[in-house]
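Below you'll find the structure, written out as structure tokens, and then a few comments.
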């Protein structure tokens, strides 16, 4: 088996594992002859490998998933095309790649890496050629196809017993170990390593053959040609590229191909002495490699790279900047199960390693030349040092002495080696003696076991004789059992016919149950249709109530707007009355001021003109002044009284407006309370509708649950009864039918009672809804009556206000007439005063008669104009008051009629809504009675009771049984004692059976 791991991502990549199962390690001839079972199976489609391990009586399987799995029928070309070919292409792009094979010794690692055979005559590879030759061929073909300048160098080293050897070095240096060193960046390099430049694939094939011939190999019990060392073949190449601006750059890549030595079990491989040491070093280095992999997977702080030279060489391939591919090979044989499982665990752990691959930097031609010069200088220094060491001239005798000393040292080394070999042979001899002693002891033990086996053989013969006798007795018992079986078979046929009759009756019972199920399904559909109809009715009720509430809200809004308009008109009328009263007051005040001015002018003129008549006129002037003062006081009283009356009228109008506002507010609040009652009714009705729907849904759900429980219970009970019928036959058939009938009747009664209770609850709910609707109707009727009462009270208040305004207007008219009469009295008093004094001052006023006549004329005209203006203002006020009174009366009448019409419309709408609601509730009640009482189906069909079958009693069944074995054996032994040893057993058996 082979598994391949590769790290392919730029930043952080996980090892990807490919597995080639049994391609390079099929079963050996010994395994085929011994028919060794396979412990490993695989699935190429799922990329899985399954290891089966037996522990006692149990088998356990462990599955490993890899990136690729190749079965035993896969070829070398399949592995290369799917795994290695993409790696070579990636390396040509400037990446460093490492491919190494890992597995147990003898599983085909070297075969995978190097293969067998070469190219055929037509230039194609043999089908057994491995990874390295195919990779070299692809590399050179790609470089030649690109027509680019390139340089390819190869190295080939071997790690044997923790010592690194250059397989490409000359013969005199091949045994010289190479030391590992690190540069300043932590990279590992080998000083003195031979690096050969190649120009074709054939040169590399020659180098591979040369290096492979120098590798340490040996024969073990497991593998005839086992590698005793790890080998690393490296191909480094540089490719020159021309970029757009004419600058030449160098692209570098490296491909490391590692063939690890196989892990081996020293006891199974038969390794001794030097081979055992080699195996120990190999296992040690592989163990260190496993520790490094575990540390990398667990992200440990310390990774033990320095514990082995192998891990130091592969440091950049494990967790470094190089991409890595692991090919794990395993054996299918169950004898290699432990090594196989260790290899799979090892490879699966390696799959989790995280590498950070980086593409090699492309350098310019000048930088590459500089590096070459540096390398040449380094080689020159090494060459100079070599020349300085070997180029000293010495005398010939000294040279001979040194050569003799070298030969002596060589003989001493050979002597030491022979002594070591002698000691090894002595140790081997002692081991052979110990082995001979152990073999002698084992021979004695074998002889003792042989004697014990003979004794055991005699005992076995006695047991065989007893077994033969027991066999005869068992044959006799079998004959009796066959007779009993025949009798039981006949009886079973009879019971089978009775069971068929019972089955037909059970079928009729199932027909009855199916009939009941059909009825219940119809009831279920009926309940569902009733639910739909009920929801439609409730939706119609909902729409009626919503439209009624909206209509009432519209009427309330109209009433509110109308009241606001009425109050606005009354405010305008009051304001106009105040303006007219102010005008009347201004007219009176202007007339009095004019009279006062005339009197003042007249007094001044009299004093100037009739100074000599001062004494005579003083009395007349005083009387006139007093008269004017009294007239002014009376006129002021009249005006003050009129002003008070106007204020009283304003207060009366204000109080009337407040009363109207309060009455309208009370009507609005009452209407609002009615609306809230209606809204509450709608909410309550919605809740009741929701509760009814929930009740219907709950009834349907519980009904379905009960039917399902009944069906499940019936099926369980029927299954149990069938099993009991098969065990107890026809004895329990009658009881089973009775129990089934009772179970069906019980469940049907439960369903009927449940549906009856739900129907009664639904009927109660509908009655509650009807009661609540009636109470809501009564509340709304009382609300209408209260609204009508408030309207009558408001109308009375309006009439009282109207009467108060009328009396107030009449009072104003009386006051105005009294003012007119007072002015006439003042005029008459002035005339009488003038007539009384006219004779005494006639002579004195003749000269001023014209002047007095003019003054009198002005005074008369002013008085007349003032009276006329007062009459006009008075008549205008009376006309305005009468007009406003008429408008107010007309407005109140229209408002009363409009409110009455709205009230009648509301009453009609409420009556219509009550009628519609009553009709809908009546219709819902009728639908409920029709659905749950008239159309609800009840199964009243009668079915015949299954006939009673008479069954065999227990005593008759017991008589069919075979007699006890002890009785049969006693009769057989008695018959055998009276016959010869080889008598006819069948005859005796027949007699015994007939006797039974």
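Cβ coordinates are placed from backbone N, Cα and C, and glycine is handled just like the others.
Because TrEMBL annotations are produced automatically, they should be read as predictions rather than curated entries.
Range with TrEMBL annotation coiled coil, chosen from 453-505, 506-558, 559-611, is 453-505. Of the listed binding-site residues, namely 107, 110, the sparsest Cβ surroundings within 10 Å are found at 110.
In the three-state DSSP reading, residue 105 (ATP binding site) counts as coil.
Secondary structure at residue 110 (ATP binding site), taken from DSSP and collapsed to helix, strand or coil, is helix.
The number of other Cβ atoms within 10 Å of the Cβ belonging to residue 109 (ATP binding site), over all protein chains shown, comes to 27.
Of the listed binding-site residues 103, 106, the Cβ environment within 10 Å is emptiest of other Cβ atoms at 106.
In the structure shown, the C-beta of 104 has more C-beta neighbours within 10 angstroms than that of any other entry among the binding-site residues 104, 105. In the predicted model, the coiled coil (453-505) shows an average pLDDT of 81. Other C-beta atoms found within 10 angstroms of the C-beta of residue 108 (ATP binding site) number 26, with every protein chain shown included.
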